[in-house]
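Dropping a structure here in structure tokens format, bear with me for questions.
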Amino acid sequence: ETPAEKFQRQHMDTEHSTASSSNYCNLMMKARDMTSGRCKPLNTFIHEPKSVVDAVCHQENVTCKNGRTNCYKSNSRLSITNCRQTGASKYPNCQYETSNLNKQIIVACEGQYVPVHFDAYV
């Protein structure tokens, strides 16, 4: 799996325009293989066409949380869903809280301007 493919698996959900129910994160985190071996504590899904997300790599250049300079911030707010592991949940029964948001996203890009890491939303 390339970094770009991993980004697609972990963060892209073009089939839904928003999280359909409060159970969305529980289903999607499992379906996208983020509950194998451990519960990924936090993850964001983006409900926009791939072309829209790829285009962020040509938008505002910002510094990533880790200090690298290959992050880019979207010009507009995008439809995203934030999944946060609930305090009571323990592996292998990973449970998540689902939040629908409209926020600008910050992604790290590599090579031919392809998103490879979700850094933050603002």
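Glycine is treated like the rest: Cβ placed from N, Cα and C.
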Just confirming the record: what cysteine out of CYS83, CYS94, CYS109 does Swiss-Prot connect to CYS25 via a disulfide?
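Disulfide mapping in Swiss-Prot sends CYS25 to CYS83.
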Which residues of the same chain, at least 6 past either end of the compositional bias 'Basic and acidic residues' (1-16), have a Cβ under 8 Å from a Cβ in it?
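Same-chain residues near the compositional bias 'Basic and acidic residues' (1-16) but 6 or more away: 24, 28, 32-34, 43-50, 53, 81, 107, 110-111, 114-118.
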In the structure shown, which of the recorded positions HIS11, ARG84 has the fewest other Cβ atoms within 10 Å?
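Fewest other Cβ atoms within 10 Å, among the recorded positions HIS11, ARG84, is found for ARG84.
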Just to confirm: which same-chain residues, 6+ apart in sequence, have a Cβ under 8 Å from the Cβ of CYS83 (disulfide bond)?
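Looking at Cβ-Cβ distances below 8 Å from CYS83 (disulfide bond), excluding near sequence neighbours, one finds TYR24, CYS25, MET28, MET29, LEU42, ASN43, THR44, PHE45, TYR96, GLU97, THR98, SER99.
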Would you mind checking how many other C-beta atoms are within 10 angstroms of the C-beta on CYS71 (disulfide bond)?
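Its Cβ shell of radius 10 Å holds 22 other Cβ atoms.
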When you measure from the Cβ of CYS109 (disulfide bond), which residues in the chain that are at least 6 apart have a Cβ under 8 Å away?
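Listed in sequence order: VAL56, CYS57, ASN70, CYS71, TYR72, PRO115, VAL116.
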